[in-house]
Every structure is written in structure tokens, then in C-alpha cells.
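Taken from Swiss-Prot as is:
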ACT_SITE  Glu128  active site, nucleophile
COMPBIAS  265-330  compositional bias 'Low complexity'
COMPBIAS  344-354  compositional bias 'Low complexity'
COMPBIAS  426-445  compositional bias 'Low complexity'
CARBOHYD  Asn56  N-linked glycosylation site
CARBOHYD  Asn107  N-linked glycosylation site
CARBOHYD  Asn175  N-linked glycosylation site
CARBOHYD  Asn349  N-linked glycosylation site
CARBOHYD  Asn443  N-linked glycosylation site
REGION    250-450  region 'Disordered'
REGION    275-321  region '7 X 6 AA tandem repeats of G-Q-Q-P-P-Q'
REPEAT    353-361  repeat '2-1'
REPEAT    417-425  repeat '2-8'
Amino acid sequence: MKFLQIIPVLLSLTSTTLAQSFCSSASHSGQSVKETGNKVGTIGGVGYELWADSGNNSATFYSDGSFSCTFQNAGDYLCRSGLSFDSTKTPSQIGRMKADFKLVKQNISNVGYSYVGVYGWTRSPLVEYYIVDNWLSPSPPGDWVGNKKHGSFTIDGAQYTVYENTRTGPSIDGNTTFKQYFSIRQQARDCGTIDISAHFDQWEKLGMTMGKLHEAKVLGEAGNGNGGVSGTADFPYAKVYIGDGNGGGASPAPAGGAPAGGAPAGNDQPQGPQGQQPPQGQQPPQGQQPPQGQQPPQGQQPPQGNDQQGQQPPQGQQPPQGNDQHQGQHPPQPQGPQGGNPGGSDFNNWSQGGSPWGGNQGGSPWGGNQGGNPWGGNQGGSPWGGNQGGSPWGQGNQGGNPWGGNQGGSPWGGNQGGNPWGGNQWGAPQNAAAPQSAAAPQNASDGGNCASLWGQCGGQGYNGPSCCSEGSCKPINEYFHQCQK
């Protein structure tokens, strides 16, 4: 009897050891691609994105999911990747979800605000959520990220402060009212496993209802309204996956994969209706401001994934004007009142009375400028509003960008072939589509574009490559098949 009681303990210890093995042994491996400009793409079935508003920047992405990001004199810079879904399944229907990451900071300087963690959306109800486990700035995001502080809770063995907002403004479903949820880790960590589902569970206990999952992505961002952000954020290990898996890679789906009907990494993501605008960013509730001198500079929008209301960097730390940042990633602007914008959005180009994020005519740091402000009304490719130049977040794209004027429902941009982030040249899917709910013969020829080891290769609603460059395609559940040895 005692022996039988010991077995679960030993198994738990073994699982924990495996789950953290990447913290000591992880290193880049596989094929690699180096990007020196803004780019959304895939490598070995893993989706990736590099975006910056200025500076001399680069990023190297590997087919094993790892990546290394270098920025010099940037105003705002981000790397991100993860899973996309079709908003038809709840988190419980999809399965337990986690994200593994290892972060190595090198020569980081002049960072005013930063977020490293998990970001995404749900529908029915419409929710924008944020799990922050680390940051490249000297200080973590503060109470100004939310207008309702639920308090501190132990989630997956660590203390997180949970915030909630109710916002009216741009979202993946257009200009509307939606919820924003935040979990901010009280002690940053450079390596570990984020139990995404555990945060969902805690939020549900607090009455913070989750809807049908639209995405879950790993995000790393650094910015400063004064510019000059420099350093390297190296991620020798990064994966988002469904199921228990382990740190060594058992059953993880590569970042960018799309179980539950979503598109494969970097391919066609569910597109939203025309006219969808990017969700307003991380502005604090009206009247709630962080200390002066910590605001992002006018016209500078943080990269996508960070447009949570209330999450604005302290005054003086606004991103520079004219920065086209990706939807959803605005640095939290520490300004309270919304200004006079018709819909209350801080990040759009409709406000006429000083909204910090958009459309205001009186010096709003985030909008109304005519020279490329990513958040409002610019005519030169602003990702957030009415741009005509293919901005991933703007209203002129034709592929369904949920953030603006897209025609096909893509949550992130007007791409023509499914680029999840925008109407840019990266949108066309490169992978041959496999029949939904049926995986093609394993290791069959797919034009040389087969999924990598641990990549998605089939499942209900999946339309990406169905062959494996290594191993064979095995069903995990009806929505997700994966290349495994």
C-alpha cells in the first residue's frame, strides 16, 4: 500500500524535472532564418513575427520554436508567436494549455515598459487577456493596468495580481464593449512553464468569464517613448502546446500552430468581418494614472498584443509618433480620461477631444496625427486606423483583419492568404491545405513544406500541411494531430 502511494509522488517529481529541463539544457537548434525588417512568417511549421517602429533591429527564428531578438535604438520592439483558433471551442473543449519559455537578457538598456508572457482573445464573451511573467524594464506593470483590482492569488504555485477592465473601443470584432483580464506575476522569472489554463480557471472563480478561444500567443515586447531601447532578448526555448507535455517537448504544439480548427503557424488565421479595428490598448481606467513622466510619447503605439486598457507605461515613456505598431500591443498609457472620442477607445482615430490614443486634435500622444501614427487616422500605413498602405492593423486591408476593414475574417490583418497579423506581403499561406478533419498520409510529399517535429499535421478544421518532415502524424484529439517520433 505504501509503495502504491509513493508512485504518484515519484511520477509528479519526474514530471516536474522534465518540465523544467529546458531551463538548464535548452539551446537553439534546427533550421534558422534571420529577419532584419518587420516580418510575419513560418519556419518548420512554427509561426513568428518581428516588428519594430524604428532602430537597427533583427531577429533569428529557429525551426525548433526558439528565437533570438536584438534591438538597437528602437522606440518599440516585439517578437511574438503562438496558437490561433477559430473561436468555436471554449478552453475546456480545446484542452489544458501551457506555454514553456526561457529568456536570457543581454545588454538591455533604456527600456521604459516591457511585457513577456501570454496574450490572446476569446469571443462570446469578447475578452482580451494578458498573462505577464517577466519584463525587460526595471519595474513590472503597476496597478494602473486595470480599473478593478481583484487582488493577489496563488496560480500554479506563484503569486499573481489579477486585474479586470471593461472597455469600449476597437476589438477583434470591431468597435464594441469588451472585457480585459490581466495576471501579473509578482516575481519575474526567466524560465518556466506558464499554465495558461490555470489562469483561466482562477479568472472564472472570480467571475471573469472566458469565451470561445481565438488565440494564445507568447509575447515579448520592450519600448520607451523616448526611443533608444537596446539589447537582446534571447529565447533558447519557446513553445505553446495543448496537453501536459513536458519541458523536453512531449506533445507540445509549436508556437504558431492552430489546433481546434485554427490555421497552421503563420498561415490563414480566422478572419474577421470588414471594418474590424484593433483592440484598444493598455490604457488605465479613466482618472487612473501612473506617476507623471511615465507616459508613452505621442503617436507611438506599442506592438500588437499589448493593447490592454490600463496598461500604459508611466508618463514620459510613450512610444514615438508615427510608429505603426501591431494591433493589440499598445504600451499601457498611464492617462485616465478618454478624451472625447465617440467610442471611448483610447487607441483609435475617432476621438476629437484629447483621447490619448486616437483621433484627438489637441496633442494626444496616440492619435490623430497625420504622419504615420500607428494608432490613429494616419494615411501612411498606420496599423490602427484607416491606413491605405497594407498596415497589418489598419482598415484598408482586404483579408479580414479583425482590426480594420478586412474582408475575410482574419483576426490580425488584411492579408490575402491568411497572414494572421495583417494585410502585408506575408499573408498568403505557403502550406498546401490538407482536407479538414483528415490528415494526409504521413511524410507524404507536400511540396517540401511539411510540418516540423511537434508541429500540427491534422485535425478537425485544420488546413495546413499534413505531412511531417520528421516522425509521423499522430492524433492527440479530434482537433489536433501532431508530428511525433
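Using the three backbone atoms N, Cα and C, a Cβ is placed for every residue, glycine included.
Overlay of Swiss-Prot annotations on the structure.
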residue: Asn56; record: N-linked glycosylation site; CB count, 10 Å: 12
residue: Asn107; record: N-linked glycosylation site; CB count, 10 Å: 9
residue: Glu128; record: active site, nucleophile; CB count, 10 Å: 27
residue: Asn175; record: N-linked glycosylation site; CB count, 10 Å: 20
Using C-alpha atoms only, work out the spacing between Asn175 (N-linked glycosylation site) and Asn107 (N-linked glycosylation site) and round it to an integer in Å.
40
Average pLDDT across the region '7 X 6 AA tandem repeats of G-Q-Q-P-P-Q' (275-321)?
38
Using Cα coordinates, what distance in whole Å links Asn107 (N-linked glycosylation site) and Glu128 (active site, nucleophile)?
32
Compute the C-alpha separation of Asn56 (N-linked glycosylation site) from Glu128 (active site, nucleophile), stating it in Å without decimals.
31
Three states by DSSP: which one describes the residue listed as 'active site, nucleophile'?
strand
